[in-house]
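Listed features, source TrEMBL:
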BINDING   100, 103, 173  Zn(2+) binding site
DOMAIN    32-210  domain 'GTP cyclohydrolase I'
C-alpha cells in the first residue's frame, strides 16, 4: 500500500485509514499531540510562531519515514520474469535511509543485493530490489535485522538458490550523541542458500560488491 492509500489528495493523513496488508493505523491527531507534548517536555513553547505548525509537520514526516509499517515490503517481488538465468544478479550502491529504533534518529548508507536465481531461472525487475530495501528501511529498525529481512525476502519470494546482502551505514546515534564518532560506519551481511557453503562464490560476490 502506498502513501496515497493512507493520505488525502492534499497529503494530510487520514486518521482512520487502515493498511489492508498489515492492519496498522497511522493516527495523525495522536502523533501531533505527542510531538506537542515532547516540545513541552523539553521546555519549548509549541505555540510560538516557529513551532506552531511543527507537530503537524513532524507527524506527516513520520508517516512518510515509517511508510514501511503499512505494507508488506516483499509484495514488490510478486512481479517476476522467467529469463532462464542462473548466474549472479547484483545491484550495488542502493541508497538507504532508515531510523534507529533505539533513539529514533537516522542511519543511512548503501545496500548491495546479489542473488543467483533458482532452478526455474526466475528474476525480478532491478528497481524492485531497491523498493524492497526502502520498504524494510522505512520503519523503526536495527541494521542487523534490516539486512536479514531483505535477504530472507529475496530468498523466499524469488526462490533464489543463493542470496547475499551487504549494508553499510553511518548511524547518527553514534555521530551526534553518546560516543560522538562521526564517520564511523557499520557493515552487516546476510547470506542464504548456496553462498553459505560455497566460499568461492561468496568471495566472488564480495569482490564485485567491493569493486575489486
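Glycine is no exception: its Cβ is also placed from the backbone N, Cα and C atoms.
Heads up, TrEMBL stuff is auto-annotated, nobody curated it.
Note that the structure is a prediction, hence the values are computed from the model and not measured.
Positions of the features from TrEMBL, shown on the structure.
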| residue | record | Cβ neighbours (10 Å) |
| --- | --- | --- |
| 100 | Zn(2+) binding site | 18 |
| 103 | Zn(2+) binding site | 15 |
| 173 | Zn(2+) binding site | 16 |
Legend entry - Check: same-chain CB within 8 A of Zn(2+) site center, minus 100, 103, 173: 99, 101, 102, 104, 105, 107, 171, 172, 174, 177
